[in-house]
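Written out below as structure tokens is the structure these notes cover.
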Amino acid sequence: MDKKMNAPKHKIGVFDSGIGGFSVLNELLKAFPEAEYFYYSDDAHAPYGPKTDEYINQRTFVITDELISQGVEMIVVACNTATAVSIDALRAAYPQMPFVGVEPYLNAYYKETGPSKMAVLTTVSAGKSERFKRLKERLDPKGFIDHYSLQNLARMVEELYKHPEYEGEFDKLLVSELEPLQGKQYTHAILGCTHYPLVRNKIEDVLKLKTLSPCPYVAQRVRELSVKPGEVPGDISETFEFYSSSKPEWVKKNRSDFYYPFKK
């Protein structure tokens, strides 16, 4: 008879420039609820999209050091821009630490069985990165997927979270932000920034299409890398650890409050 192992308490670090990583955390809490999570929100420096590569690299190294000080065994770069700009450098600088990044689900086009016309939406920094260019060349070699860099949407989502009373204004600005996609008859939009799934219903309403997010696949990958065969799931905590660079201290947050930052 196979012996079942008592599961260690897996400690997973997650970071984003702000609240965008909540879209990843939401999926992690569903796919891998028994893990212990340490979420670093770099909101004092958000959003990363307009920042230089040097600035983003500097911030991701500071964040990684802080997460390592908390004893994490894996770090999820829950930000498309930070993944595109920094994950290769992080892996080189911290060879003993596994990093899982978030990249646009570009192979979705070839998995669709019906007729489809797709666009991928990214931040400016992610869209111009060499990593994104290589990814698109590899997964979309025939150029079937149109690419749009959105200047303001990540920042707009941050502002909506802080000021929900301005939702009506957000909705008007969203129509303007997505105007370049209007009238193109897209069937799908691939969400290439973790902020975007937080308002996916609004994006779908404006563009009359289906959105595709990589976040569930990221969560599954984290679980696959963490859980050993025969491992018995441990107890599930009601909380997770949260750090904001604008209020630099670790505090406990209730998971039920953060399953999704915007009520549906």
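A Cβ is built for glycine as well, from the same backbone N, Cα and C atoms used for every other residue.
Where the annotation comes from TrEMBL, it is an automatic prediction and has not been curated.
Here's what TrEMBL has on this protein:
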ACT_SITE  Cys79  active site, proton donor/acceptor
ACT_SITE  Cys193  active site, proton donor/acceptor
BINDING   Asp16, Ser17, Tyr48, Gly49, Asn80, Thr81, Thr194, His195  substrate binding site
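Sequence-distant contacts of Tyr48 (substrate binding site), defined by Cβ-Cβ distance under 8 angstroms and a gap of at least six in the same chain, are Ser17, Asp42, Ile56, Arg59, Cys79, Thr81, Ala82, Val85, Thr123, Ser125, Ala154. Rounded to a whole number, the C-alpha distance linking Cys193 (active site, proton donor/acceptor) with Asn80 (substrate binding site) is 5 angstrom. Ranking the active-site residues Cys79, Cys193 by other CB atoms within 10 A of the CB puts Cys193 at the bottom. What surrounds the substrate site, by Cβ distance within 8 Å of the Cβ centroid and not counting Asp16, Ser17, Tyr48, Gly49, Asn80, Thr81, Thr194, His195, is the set Gly18, Gly20, Ala46, Pro47, Cys79, Ala82, Thr123, Ala126, Ala154, Cys193 from the same chain. Following the DSSP three-state reduction, the secondary structure of Asn80 (substrate binding site) is helix. Of all Cβ atoms in the shown protein chains, 31 besides its own fall within 10 Å of the Cβ of Thr194 (substrate binding site). Residue density at His195 (substrate binding site): 31 other Cβ atoms are found within 10 A of its Cβ, drawing on all protein chains shown.
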